[in-house]
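Undergrad: After the structure tokens below, expect a handful of questions from me.
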Amino acid sequence: MPWQGSDFEASFLVAAVWGCWTASVPLTPTTPNPSDVSAHLCPWDPVAPLLPHSPQSQPVAIARGRLWFHPNISGVEAEKLLLSRGQHGSFLVRPSKSCRGSFTLSVRRHNEVAHINVQNTGDYYDLYGGEKFATLAELVHHYTGQRGGLLREHSGAPVELQQPLGYQNPVSERWYHGHLSGKEAEQLLMEKGRLGTFLVQESRSHPGDFMLSVLTPRPEKADLQPRVTHTMIHFQPDGKYDVGGGVQFDSLTDLVEHCRKNPMVKKSGTVVQLKQPLKATRINAASIESRVQELSGPTDASGKAKQGFWEEFEMLQQQGCRLLYPRKEGQRLENLPKNRYKNILPFDTTRVTLRDADDTVPGADYINANYVRSDPEKTAHGPGKVYIATQGCLQSTVAAFWAMVHQENTRVIVMATREVERGRNKCFWYWPELQGSQEYGRVRISNLAEYQAQDYCVRELQVWRPDQEEPRRTVKHYQYFSWPDHGVPAEPSGVLGFLDEVNRAQSSMPGAGPVVVHCSAGIGRTGTIIVIDVLVDLIRRR
């Protein structure tokens, strides 16, 4: 089921995740000092091609970027960072201060920090006598998560690399795409850009440096498809940025702004003109504060343009219109009365199918509900969170709802609506009164207890099928009251606390199936709650 939440909910989602991050992790933002730039950068020398790096060789946390590389900190600063923000096994990599071109791997071991030299010969990386690797990322991946002795101190004590300590992006500009690979940059620019579209990403072949990628015409064959031109941006030990000689800049922003005003000419004759940025929507968790500030401001100096949050929300809306996955089951004549809204239907590929339905009744296996997985590449329940997003019950769909809950072994239900809001029916009352018991289809429900919290109510239900010999299952039903229709809660901490309670309940029941989340339509508040929970979970795990 596509998420089509409001712009208010989109902004609240970011605010909630930002609130969780700033409340749990101390930030150490660095603000570049702007400088007046008047020099000209023409012509530029060609740079070495970007070396592709195979993502298949990386675990999830590493494959999505070198979150562990800190390009401009000393050994003392690394120790302070690891001891204040890390835990046992946290690590980072930084340029070596004593050997230019090499690196230092700093790892927290309980209340101490070990520093390990990483040699860069120009041909390979190694730990001065260990195995040799083509890239720094491959070396880090090899030793990450390995227990029992791949890395040892001189005393013989093992050094375990368990989780990287995230690095805050050097800039919050929306043209900065962080840990994008060269191939991914080319694909993005070719698919979404036009001549002059540009972005900046980290260099994977030269840790600590960056790559400026621009969609340029082919000077010799103007009628052919444009190509992507890459230019290396070097980060110097003194904190300056340059392109291999000539003028140096105090920040990436200064360098890029200068290049936008002064077209570059490569030795090949290619004119590299930066016209419009390809704006990124993926960021490191540690950079969320600066990104919120960036998105909260106008898109140009006039202050008349729409804000970044509006732009990103509109992009999501347009993307949703293009992703026209089939929804034929919900459009079948026998299933139309089961949909609360005729245009909000589940995708056929991810819808929940009622397996124990009567095959002789057309549409008996249908319910307006979709699986939502935190890892969309997984097609079955397993590692990673799984949710079911569904609509608020109609009187005619209550039996199907409980059949789904029983079938999926759901132990937690999140209801983000009241039964009636502003005089309109939002969800049919689908559970029995306190201390009551009722049968819905083939499933019986007992309401054992109810507990009132500040913003929500918790009901302890028992669910079972009398026609089957099975133990009764405990199901926690959480109804959140403080989310107004067509609006958002006054502040995000209430939702974050609510989700903490929901997750504790889910974790307390081993083998529990997907969490069922619903509001009225099943796309606004439902989608926002699921996405907040996924993002907060990612922040805490990485």
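Cβ atoms are placed via backbone N, Cα and C, with glycine included.
Checked TrEMBL, it gives:
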type   : residues : note
SIGNAL : 1-22     : signal peptide
DOMAIN : 68-165   : domain 'SH2'
DOMAIN : 175-278  : domain 'SH2'
DOMAIN : 309-542  : domain 'Tyrosine-protein phosphatase'
DOMAIN : 496-542  : domain 'Tyrosine specific protein phosphatases'
Undergrad: Per DSSP, what is the residue count of the domain 'SH2' (68-165) in each of helix, strand and coil?
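TA: Final tally across the stretch: 19 helix, 32 strand, 47 coil.
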Undergrad: Take the domain 'SH2' (175-278) and count its residues per DSSP category (helix H/G/I, strand E/B, coil), listing them in that order.
TA: 21 helix, 33 strand, 50 coil
Undergrad: When the pLDDT values for the domain 'Tyrosine-protein phosphatase' (309-542) are averaged, what is the result?
TA: 90
